[in-house]
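Trainee: Can you keep this structure in mind? I'll have questions shortly.
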Amino acid sequence: MTLDMDAVLSDFVRSTGAEPGLARDLLEGKNWDVSAALSDFEQLRQVHAGNLSPPFSGGSTCPKTPEKGGSDREPTRPSRPILQRQDDVIQEKRLSRGISHASSSIVSLARSHVSSNGGGGGSSEHPLEMPICAFQLPDLTVYKEDFRSFIERDLIEQSMLVALEQAGRLNWWVSMDSTCQRLLPLATTGDGNCLLHAASLGMWGFHDRDLVLRKALYALMEKGVEKEALRRRWRWQQTQQNKESGLVYTEDEWQKEWNELIKLASSEPRMHLGSNGASGGGVESSEEPVYESLEEFHVFVLAHVLKRPIVVVADTMLRDSGGEAFAPIPFGGIYLPLEVPASQCHRSPLVLAYDQAHFSALVSMEQKESAKEQAVIPLTDSEHKLLPLHFAVDPGKGWEWGKDDNDNVRLASIILSLEVKLHLLHSYMNVKWIPLSSDSQAPLAQPESPTASAGDEPRSTPESGESDKESVGSSSLGNEGSRRKEKSKRDREKDKKRADSVANKLGSFGKTLGSKLKKNMGGLMHSKGPKPGGLGSGSGISSGTETLEKKKKNNTLKSWKGGKEEAAGDGPVSEKPPSESVGNGGSKYSQEVMQSLSTMRIAMQGEGKYIFVGTLKMGHRHQYQEEMIQRYLADAEERFLAEQKQKEVERKIMNGGLVSGPPPAKKPEPDGGEDQPSDSPAEPKAMAFSTAYPGGFTIPRPSGGGVHCQEPRRQLAGGPCVGGLPSYATFPRQYPGRPYPHQDNIPALEPGKDGVHRGALLPPQFRVADSYSNGYREPPEPDGWAGAPRGLPPTQTKCKQPNCSFYGHPETNNLCSCCYREELRRREREPGGELLAHRF
């Protein structure tokens, strides 16, 4: 900050007693207009005094002022002029999108309220005492179609939604049971802190801008009482992964790895992006901080910070540009706060989505009074296989690393069986089985890697996954043939997991490596083992055993349906506890756990009539959330009306003032012109459901764009899928909007009826699909293009601006792109021609 701004901030803090962080937020929200910020401060204190504890109750050396003592401070208000600099404009832009950005002052009070509830990271207590909160979107179905589409593309991470739904990972349960609510990913800033942003959005509705969660995460890893237990769980899982790839760490290397994990969680920025970098909210900024990206272990630690389970919905494989899977994605699954007693934890899980190296919060939408839909999150995939339970094994303080790791007896004593995992889920969450109608069927998930089955965690503990399969495939009578079959199956699984682990370690090198890996290890990659249910190739003895067990379980399901839950739940397992499922210690689990085990086994054999889900508790909104949403909706309506007005102005410029008739470039559309024109009300909806995803970075804003360039921050760059590309293909990173106003009239890039590729007829500045692909780069300037006239459309002529040597086009009134932009700017400065005041 400059000296003047320091002085303004000091005066504001001295006159109000506000915390410096809150004072800065208020001043920045009003462009450093002190009078306006003071007015905001007084209004908020009076409105929210009964609901929010004063955010400046501690940590400030300035005396507190009475709640309604605004008149006492009136004479001390500074009479400085409004100060503004480029950084403040950037901050204002950054706070101009999304529900939490509608009123920075309200959110600042709420953030301060949250942070004031936290304790010291080094105390015996948890860094934060979290109330049970779950944010819900307002009911958008009450609004008109065009306005609803505008809000959806502003608030919802459309590309992530489409990608995960098409991959069969998200909302597949809605198609199986219409009483379940759809979950939607909220648009989240991609600055390296997206995990904590997503968690904060999912609970409170605003980003973790003050890094409250990140600081708590770091404190718990560095000096929390659970530090050593968390480290053992991490080292155990990492050791199993290292075994698969043949890696052996020394003690120094283990310490270095652990220190690196802690360092990643630090709240210190990694770097500052330049003017062409990707920053939160799509704003070019030289001061926007970027933080280190976090790993799956940090999700596990976050569950302990929040004292609540976390469920991450993600695809299981990373795919190259051709849709080929070449590396596993380890994030998907369940993270339980296992080092906190279940009685002290919230039982409603926080649900996050992960796609293309980016986290988002998954939230439901408010319902009408008459609606009976329930908010749930399945704990299995669409094939009824239990999701990975991450970092569930703690070998204990007495574990001798390097020695006990190779002792099969010791290993067998700590591997978790399916029964143990179900017991943990019942302990930490409110779970239930949702019955399905006879004709319902889950959409198939995307094809896995040639190695892994749908729910297997490629980087999770191999023994844990094998234990699941063992519990399902083995008879309750402990048949020897079944055990032999399981041993041979484990050998095959080990070979497959080895290939997966190698792909995981090296997969980031891209498509070429993935192709070579699969080519050179084809024997391993394509030798698929039996399904997780244990059905498939095997000895005659095991087949007979499976048939017997299958019949018994069918009877179990029928009796449960008839209401005899107690007898049916204990039936198949009460004859003899499953001794081959090690890790249960011989203890008998509750009736509910045994019922879940029986139903899970049946479901995993392809006869599932139920979905195993955790219930999501949706509490009442806090008053600050209600006001935050109402202000956002009012702000969104303003922007929507301004956008409609701008489209009308552009249409007049294009059709009335500059172009005498329909643009000739629109004529050769091969599909009968199915696309809507740019001013059609259907456009927001079409843009809202694009595919692919630009990753965890923000796409730079092209210069000179009008409101049509102001698409949501993480909108799809590549547009809808065309040609024969699969829906999960990764597209080049491009800006989603139209970089120049004339791009509305670009012909389709598919070959026309005459076989000529229409995009090839256009000069480079008019080619959208292949004009630029790097998300960090501004679109290339077209002004220097000087192609030969023989390649131009017949109507293209020299720019009509005197002394300009470039070519124009009828759609730009025969002006080159540079002169055309200058003409638009000139028109905007005329009365009635101003553009939107809001910029994303």
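Placed from the backbone N, Cα and C atoms, the Cβ positions cover glycine too.
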Trainee: In Swiss-Prot, which of these is labelled phosphoserine: Ser71, Ser464?
Mentor: Ser464
Trainee: Here are some residues: Thr179, Thr316, Thr380, Thr730. Which is flagged as phosphothreonine in Swiss-Prot?
Mentor: Thr730
Trainee: Could you tell me which of the ranges 685-720, 757-792, 793-828 is annotated in Swiss-Prot as zinc finger?
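Mentor: Among 685-720, 757-792, 793-828, the range Swiss-Prot annotates as zinc finger is 793-828.
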Trainee: Do you know which of Ser116, Ser124, Ser467, Ser482 is annotated phosphoserine by Swiss-Prot?
Mentor: Ser467
Trainee: Cys194 (active site, nucleophile): which of the recorded positions His358, Cys804, Cys816 is the nearest Cα neighbour?
Mentor: His358
Trainee: State the three-class DSSP label for Cys194 (active site, nucleophile), counting H, G and I as helix, E and B as strand, and everything else as coil.
Mentor: helix
Trainee: Would you mind checking how many other C-beta atoms are within 10 angstroms of the C-beta on Cys816 (Zn(2+) binding site)?
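Mentor: Cys816 (Zn(2+) binding site): 24 neighbouring Cβ atoms within 10 Å.
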Trainee: Cα-Cα separation of His358 (active site, proton acceptor) and Cys816 (Zn(2+) binding site), in Å?
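Mentor: Roughly 39 Å, rounded to the nearest whole number.
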Trainee: Tell me, how many other CB atoms lie within 10 A of the CB of Cys819 (Zn(2+) binding site), whichever protein chain they belong to?
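Mentor: Its Cβ has 19 other Cβ atoms within 10 Å.
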Trainee: Going along the chain, which residues six or more apart from Cys799 (Zn(2+) binding site) have their CB under 8 A from its CB?
Mentor: Ser805, Phe806, Tyr807, Gly808, Asn814, Leu815, Cys816, Cys819
Trainee: Among the recorded positions listed here (Cys194, Cys804), identify the one with the smallest other-Cβ count within 10 Å.
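Mentor: It is Cys804 that, of the recorded positions Cys194, Cys804, has the fewest other Cβ atoms within 10 Å.
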